[in-house]
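*Asks:* Copying in the features that TrEMBL gives for the protein in this structure:
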TRANSMEM  28-52  transmembrane segment
TRANSMEM  64-89  transmembrane segment
TRANSMEM  95-118  transmembrane segment
TRANSMEM  130-148  transmembrane segment
TRANSMEM  160-179  transmembrane segment
TRANSMEM  191-214  transmembrane segment
TRANSMEM  220-243  transmembrane segment
TRANSMEM  288-314  transmembrane segment
Amino acid sequence: MDPQVCLENATHCNGTSCLMPHDNFNEILSLVLSIVLTVMLAIVMFAMGCTVEASRLWAHVRRPWGIFVGFLCQFGIMPLTAFLLSLAFQVHPVQAIVIMIMGCCPGGSSSNIIAYWLDGDMDLSISMTACSTILAMGMMPLCLFIYTKMWTDNDIQIPYESIGITLVTLLIPVALGMYVKHRFPKKAKIILKTGSIVGVCLIVIIAIVGGVLYQSSWVIAPSLWIIGTIYPAIGFSLGFLLARIVGLPSYRARTVALETGFQNSQLCSTIVQLSFSLEELEMMFSFPLIYSIFQIFFAGVAVGGNVPLILLSLHETQRLNDNRPVLTEIIIIINETT
């Protein structure tokens, strides 16, 4: 007799991936979570706008080779990789859709911080994040339309209208942030620090409240954990390789790699929370958190490996600074004797 892999009252079954029906689900808490996610994400995007300097962004737009390579990685490599991983691991259609949404999201603002620590091109990093956020308004629905046809039916539909409204709405705080950066650069730095803290808090809130609301979302097949683990690593690797193949220097290739692998997981969670039914959320909600954890993990490993180089650079800078008074005195003595 075959072993029973799912209980009779499970709402979804796919091999060993089973979800139980709702037990005293708190709809008010779900509504509160939706509102909190929207407001906090707007703050994060406003802070991201405060990093964008219009003149530097325009300089990269005038010579867009780096941004173009990043565009190919962001909306070419990442959606295709998400599609192939979903096929290879034969995940449930609802879970395949959330993987695709994550793959089609623009880059996350955390990549700018990591690019600084990895001695990347900060101007390119910020420009790529801003451009991918703007271009996502058209590219994200297009990529979802192309890749999700085989998983959508009468029961599962992609809420393009909700996704489009969310993306357009987020452009407003980004534009306001750019204005603040232009008019009040000192205040923009304070807002940026606040936004970074809010971004971390947002991930924590999603994990805690989402874990309470969608307890069954963690009862998933191992394949979803595997995809969430290897997907960011694949994005980082392919982004770096493509950038090097087209001839970008290593420091810019590192930047492109970060912008490719780092996805806006907060945006993904917000879109999922606002766009899908409670039953679908049970199967989708955990993946953005899994991806976020491992993209930060791999970035942390990269930064950790770069720490000795950072310390060596700081030591060399300090050594040169310590020698400057001596060199100045030597020059003065030479001038006095001639």
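Backbone N, Cα and C atoms are what each Cβ position is placed from, and that goes for glycine too.
Remember, TrEMBL labels are computer predictions, not curated facts.
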*Asks:* Using a cut-off of under 8 Å between C-beta atoms, tell me which stretch among 64-89, 95-118, 130-148, 160-179, 220-243 contacts the transmembrane segment (28-52) the most.
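*Replies:* Comparing 64-89, 95-118, 130-148, 160-179, 220-243: 160-179 has the most Cβ pairs near the transmembrane segment (28-52).
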*Asks:* Is the transmembrane segment (130-148) in contact with the transmembrane segment (64-89), using three or more Cβ pairs under 8 angstroms as the rule and ignoring pairs under 6 apart in sequence?
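*Replies:* Touching, yes - the transmembrane segment (64-89) and the transmembrane segment (130-148) meet the threshold of 3 or more Cβ pairs under 8 Å.
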*Asks:* Please work out whether the transmembrane segment (220-243) lies in contact with the transmembrane segment (95-118), by counting C-beta pairs under 8 angstroms that are 6 or more apart in sequence and asking whether there are at least 3.
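*Replies:* In this chain the transmembrane segment (220-243) contacts the transmembrane segment (95-118) - 3 or more Cβ pairs sit under 8 Å.
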*Asks:* The transmembrane segment (130-148): which same-chain residues, six or more beyond its ends, come within Cβ distance under 8 Å?
*Replies:* 45, 48-49, 52, 57, 61, 67, 70-71, 74-75, 79-80, 82-83, 96-97, 100-101, 103-107, 158, 160, 163-164, 167-168, 170-171, 174, 178, 259, 264
